[in-house]
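According to TrEMBL, the ATP binding site annotation covers Asp119, Ile120, Asp121, Asp173, Tyr243, Gly252, Val253. Annotated Mg(2+) 1 binding site per TrEMBL: Asp119, Asp121, in sequence order. Here TrEMBL flags Asp119, Asp121, Asp173 as Mg(2+) 2 binding site. Per TrEMBL, domain 'Poly(A) polymerase central' is recorded for 225-372. As annotated by TrEMBL, compositional bias 'Polar residues' applies to 577-599.
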Amino acid sequence: MTIKTIQLKLRANSLISIRQHEIRFLGVTPPISTDSPKESDVKSSESLMSDLVSLNQFESEQERKVRERLLSNIAQLVSKFVHDVSIKSGMSEKVASEAGGRIYTSGSYRLGVHGPGSDIDTICVCPRHIYKEHFFGEFQDMLRAWPAVTEISAVPSAFVPVMKTVISGVEVDLLFARVNLAEAGDKLDIEKDEILRGVDDASQRSLNGPRVTDMILNLVPDVASFRTALRTIRLWAKRRGIYSNVLGFPGGVAWALLTARICQLYPTAAPATIVGKFFPIYYQWGWPQPVILKKIETGPANMQHSVWNPKLDRRDMAHRMPVITPAYPSMCSTHNITASTMSIIKKEMLRAMQITDEILKNPGSSWMGLFERADFFSMYKTYVHVVASASTSDGIKDWSGMVESRIRTLVQDLENTDNIIIAHPQVGGISNVFYTLTEEEQAAASQGEISPELMNRKESDIQGKEGARKIWTKNFFIGLEIEKKPKDGQGSRVLNLFYPSKRFCAACQGWDKYNEMEMSVILRPAKRSDLPPYCFPDGLPKSKKKTKRTQQNGVADVGVGDTGEEPGQGPPKRSKATPSEELSQFPLTNSSENANMISSPLPNGGVPLPNGADPVPPITTTNGSNGKSIIDTEILPPPGIEGLPPLSATSLSGFATAANGVVSHENGKNTDGLVVLNGAQAAS
């Protein structure tokens, strides 16, 4: 018997042993199949895991330890923050020490599907005498005093108030939640719905991050298989450009819920099988029939948080692809999906279904075809180019984020425009910094009109020159599928973007922080051949056969309406944009990425450890060609926490990642501080 055969048998035994326990049926319907994985399923899963490793989807042991140490420091800092504010409020030392202050993680980190360089969503939960003003005041000051913190951007007025930070090279989003309790220590149980009684809407939204994440883990029959499948789905969605809640595609929570539902329908399936079932099921799904993991609950008595209910709420009735969160109050995680993005998602699912069918017919074959990047700038003949510009690097961050948040509304307006079938927003956008010498060049850069000279100019070329300025820009693109010209040649095919552009620019300029002297936004149509060179890897669009159709005003084969004004032009701008720190279109093949991929196999051949933990790559993840670690391994602890007691296992479990494994609540004391599952069996 060969070593390879022995490895396959070990993998099969490992997977099947998990399923020898009583199978728990989870979800709102019985499972479709409870068959154990075949050897071919295990072989396909092995190949899938190998490709995920080669694509650098797992963090190294070094990075994992840094994240854990970093979160422990934040947890202790939050505890000190609550203590200090309690003392200032006149409380005794005993009461202040018992006031607590906990942190919880959510999103990809909590689910254990994060990779190198991923950010961490962290919720700081404080007792009722700690207010948002304290969090964005005293706690922000404590963060700024921490030498490891290199960036802080506070947004207290956001829908979910947040402090975006970079700590020792790790991006950490810190959210605040105030619970209506005198203490927020180890006895705090945020999984119970009663925790939401008496909290404000912002705190409810913050708390539901970890509540939803943990409930997903509790509602899948095999956490390890779920996480491998979800890693696959997330990578596919990102590479195909359909991963962005703000732009009208499913976000991280929605993709996790969709994957979890397939796991419920196939509770004993191997990861490759789950992925193979994912695409045909959702391609043929009877939308707007909702995807739910458990029965929607109305919550405790006398609690007024709004629950998703299309029978009572017309807004809920309008959701095209509803994917509902399981924790009270249940919400639609896909409410942003438009007619265009729904059509694009279904097309991508059809493509993925065809690819995975072929992969599963040949067990052990590569999955790389599934992860091929979408070539957005070869998909359409006509595009809408949105340019947001600002005069400073800090200014472009908030301004471009606000402009991006309005893109979805623009897409909906374009969908309602004559002759437009689909409006396809590009995910991510492209940031640039231009170095200008004249006011004319500044105006051109702000409007996306980039000459070769301006494109190639470096910062050193403008140093010491009078009138020289930097222009920061963030560029967003929307591909347009236009109705074909009638065969008889009759009928108007004018593309009039005046109304959507005017409405979009007005919405952006209505922002309370908008400064017309420092910021600008412009929208204009463009043929593919007229797109800026930074849209293409080699600076030039792929050659296409020219059509015989008349081309007007630089717009493919349709004309811009004769409105008497420049289409999409807002008022004169003096804003500045962001330079080409990112000529960031990803390559369309995997060849250029392979240089930095982890090539050595995972320990134990990629089989999850007994508690469902990831096998960890044995080498350090690096960033770029310089070979340096993405993160700073030497974390200086925040000042003032030296004398604090070590964190309890209960506290550690609140911000642990499922990548380290999970334990069942029935298993007794959780001395290692792992994620605890209360509602379903752990992967043990």
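Start at 1 and count along the chain as shown; that gives each residue its number.
Backbone N, Cα and C define each Cβ position, glycine as well.
The Cβ neighbour count for Ile120 (ATP binding site), using a 10 Å radius over every protein chain in view, is 24. Summarised by DSSP class, the composition of the domain 'Poly(A) polymerase central' (225-372) is 73 helix, 4 strand, 71 coil. Listed binding-site residues: Asp119, Asp121, Asp173; maximum Cβ neighbour count within 10 Å falls on Asp121. Cβ environment of Val253 (ATP binding site): Gly107, Val212, Thr213, Asn245, Thr325, Ser333 lie under 8 Å away, each six or more residues apart in the same chain. A mean pLDDT of 96 is what the model gives for the domain 'Poly(A) polymerase central' (225-372). Taking the Cβ of Tyr243 (ATP binding site) as centre and 10 Å as the limit, one finds 21 other Cβ atoms among all the protein chains shown.
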